[in-house]
Amino acid sequence: MADLASRITKPSDEPVDAVAPAPTATTGEGNGTEEPVDDGVNKGLVETTYDVEVKLSGLQADDESLLYSGVASFEELGLAKSINDGLLAMNFKKPSKIQEKALPLMLSNPPRNMIAQSQSGTGKTAAFVLTVLSRVDLTKPTQPQALLLAPSRELARQIQSVIQTIGQFCENLNVEAAIPGSISRETGVRANVVVGTPGTVMDLIRRRQFDVSQLKIMVIDEADNMLDQQGMGDQCVRVKGMLPKDIQTLLFSATFPEKVMIFARKYATNAHEIKLRHTDLTVKGISQMYMDCPDESKKYDILCKLYGLMTIGSSVIFVRTRESASEIQRRMEADGHKVSALHGAHEGQNRDALLDDFRSGRSKVLITTNVLARGIDVSSVSMVINYDIPMKGPGDKEPDMETYLHRIGRTGRFGRVGVSISFVYDRKSYDALSKIADHYGLDLVQLAPDDWDATETKVQEVIKSSRARPDYVPNAGDK
């Protein structure tokens, strides 16, 4: 078992220049840090180089050299003028690394399936949105032709917004969200693009309120969770069985555990595959820290001490259960702190309003369960707190590596510096974080609960830093 102590960097242990070098790309791109590029909706995405592995399926040798090289500009893709106008309006200047490799494959004819692994903030959403917009016949504004599935209503609404933003000049583009309470029983689905959650989509098809006969493309975001048999795998299989057999299937996620990848290859047969090296999966630009709490009861006291730092930007506190989220909200509000809690027990419209308040900055501290761990983009988030270490399996005995990665990916987005702080208090939580650190090769910065001035200084240095360097580690001499 890995020892967490061996993965810890105390703030004063290393010189300021001891920053992990960015991995070198092996797909023909230059080394170093890229200029900021836009991800389609949010500006300022910074991409460090990473190794992109491309596995082509069923192509002739002459085709492989072209598709491996990717594209250097959107103009090379032959997109419709209305789509290009949307890209220009969003100041979307050049493809990101994942877009360079994935878009030529996804847009090729005849359509081919794709399994794409790409970490948060690399432009994966814009990649599949461009493909969807290119497949839709806009002369049929009420005929469903594209289906996108997401694990939560929050992510479905976000994807809907991205499609509408990039497709703002696409005449007759209609995008509906198939989430609980959103589709009228009288009219059913009346849009050419549908974004929804699997359960609602399945119900609409069964009630014959969703005509799937002319669907051309299906996208599953956060596919590792959606296809996991402990998650929504059964629902996704049933939905797929209701769709045309020749539908193009695109699977996207930041992580693909091996057991899920095996199933994904059966779900999206003969698919091209694009993925990052295992060592490139941790999110760049996030300083990952660790707080050894004296006991479980002290976690709350330390959380309250962090409140002043949480409100420099926006912060997300991840807890294990809905009950914990509500209880921490109650206690913090009683202590005079302004916080919100969002979890699955809230009604749909209430959840929408809570997330909208958080996005707009009206609410700056959000307590939540894993419902927000995946895919949600709020660019102002500067801190993520793992109040409870993510666990999985019977009795929560195993650390959940993938959920840890998704959680911390809510900060450090679009070129900004972010901080994640994980609380441990006993042997189980200590060992769990130790295994996560060992799995991703993390050097965690230790924060001292008994030296609050030093802790506060170090966290502030990162949050307020304008350097935005990958893997930034605070140092006593780093001002």
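FYI, residue positions are counted from 1 along the chain as it appears here.
Cβ coordinates are placed from backbone N, Cα and C, and glycine is handled just like the others.
Here Swiss-Prot gives region 'Disordered' for one range in the set 1-41, 83-123: that range is 1-41.
Within the model, the domain 'Helicase ATP-binding' (105-274) shows a mean pLDDT value of 93, rounded to a whole number. Residues in the motif 'DEAD box' (221-224) partition by DSSP class (helix H, G, I; strand E, B; coil) as 2 helix, 1 strand, 1 coil. Considering other CB atoms within 10 Å as the measure, the emptiest surroundings among the binding-site residues Ser118, Gln119, Thr122, Thr125 are those of Gln119.
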